[in-house]
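These features come from Swiss-Prot:
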| type | residues | note |
| --- | --- | --- |
| BINDING | His58 | O2 binding site |
| BINDING | His87 | heme b binding site |
| DOMAIN | 1-141 | domain 'Globin' |
| MOD_RES | Ser3 | phosphoserine |
| MOD_RES | Lys7 | N6-succinyllysine |
| MOD_RES | Thr8 | phosphothreonine |
| MOD_RES | Lys11 | N6-succinyllysine |
| MOD_RES | Lys16 | N6-succinyllysine |
| MOD_RES | Lys16 | N6-acetyllysine |
| MOD_RES | Tyr24 | phosphotyrosine |
| MOD_RES | Ser35 | phosphoserine |
| MOD_RES | Lys40 | N6-succinyllysine |
| MOD_RES | Ser49 | phosphoserine |
| MOD_RES | Ser102 | phosphoserine |
| MOD_RES | Thr108 | phosphothreonine |
| MOD_RES | Ser124 | phosphoserine |
| MOD_RES | Ser131 | phosphoserine |
| MOD_RES | Thr134 | phosphothreonine |
| MOD_RES | Thr137 | phosphothreonine |
| MOD_RES | Ser138 | phosphoserine |
Amino acid sequence: VLSPADKTNVKAAWDKVGGHAGDYGAEALERMFLSFPTTKTYFPHFDLSHGSSQVKGHGKKVADALTTAVGHIDNMPNALSALSDLHAHKLRVDPVNFKLLSHCLLVTLACHHPADFTPAVHASLDKFVASVSTVLTSKYR
């Protein structure tokens, strides 16, 4: 459960991401594909090379979903319901992949905003992406 301080930290951190969200989403995906090659199996139709327009496009989708989650931080299950349905019923993504992408996103944010990535902010963002992952996997049951 996100505390009021966590919510403040998440919103402040995401505000600093600003217009770079899509780029960071793509970078996190590239990081995931390189670090965890089995995740590529969900994207057989993608050009997974560095700078690929398909990876950039999906990175923007990831970032947009996170922006939605930040904007509806008190009601993420409702805000992400359609996305949860998509991943559970159509795409059938293994839930462990959300954790892998979450880790890669945190690394990406830490690389781009090292001064802002304090232990407290790191903990808050980790709890946030874990909450998003929980919401996205909630329809698997």
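Glycine is treated like the rest: Cβ placed from N, Cα and C.
Projection of Swiss-Prot feature records onto the structure.
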residue: Ser3; record: phosphoserine; CB count, 10 Å: 10
residue: Thr8; record: phosphothreonine; CB count, 10 Å: 13
residue: Lys11; record: N6-succinyllysine; CB count, 10 Å: 15
residue: His58; record: O2 binding site; CB count, 10 Å: 17
residue: His87; record: heme b binding site; CB count, 10 Å: 21
residue: Thr108; record: phosphothreonine; CB count, 10 Å: 23
residue: Ser124; record: phosphoserine; CB count, 10 Å: 22
residue: Ser131; record: phosphoserine; CB count, 10 Å: 19
residue: Thr134; record: phosphothreonine; CB count, 10 Å: 14
residue: Ser138; record: phosphoserine; CB count, 10 Å: 16
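Cα spacing between His58 (O2 binding site) and Tyr24 (phosphotyrosine): 11 Å, rounded to the nearest whole number. Among the modified residues listed here, namely Lys40, Ser49, Ser131, Ser131 has its C-alpha nearest to that of Lys7 (N6-succinyllysine). In three-state terms derived from DSSP, the residue listed as 'O2 binding site' belongs to a helical segment. For Thr137 (phosphothreonine), the spatially nearest entry among the modified residues Thr8, Lys11, Thr108, Ser124 is Ser124, judged by CA separation. Cα spacing between Ser102 (phosphoserine) and Ser131 (phosphoserine): 10 Å, rounded to the nearest whole number.
Counting only same-chain residues six or more apart in sequence, the Cβ atoms lying under 8 angstroms from the Cβ of Ser35 (phosphoserine) belong to Leu100, Cys104.
Taking Cα separation as the measure, the residue listed as 'phosphotyrosine' is nearest to Lys16 of the modified residues Lys16, Ser49, Ser131, Thr134, Ser138. The distance from the Cα of Lys11 (N6-succinyllysine) to the Cα of Ser124 (phosphoserine) comes to 10 Å.
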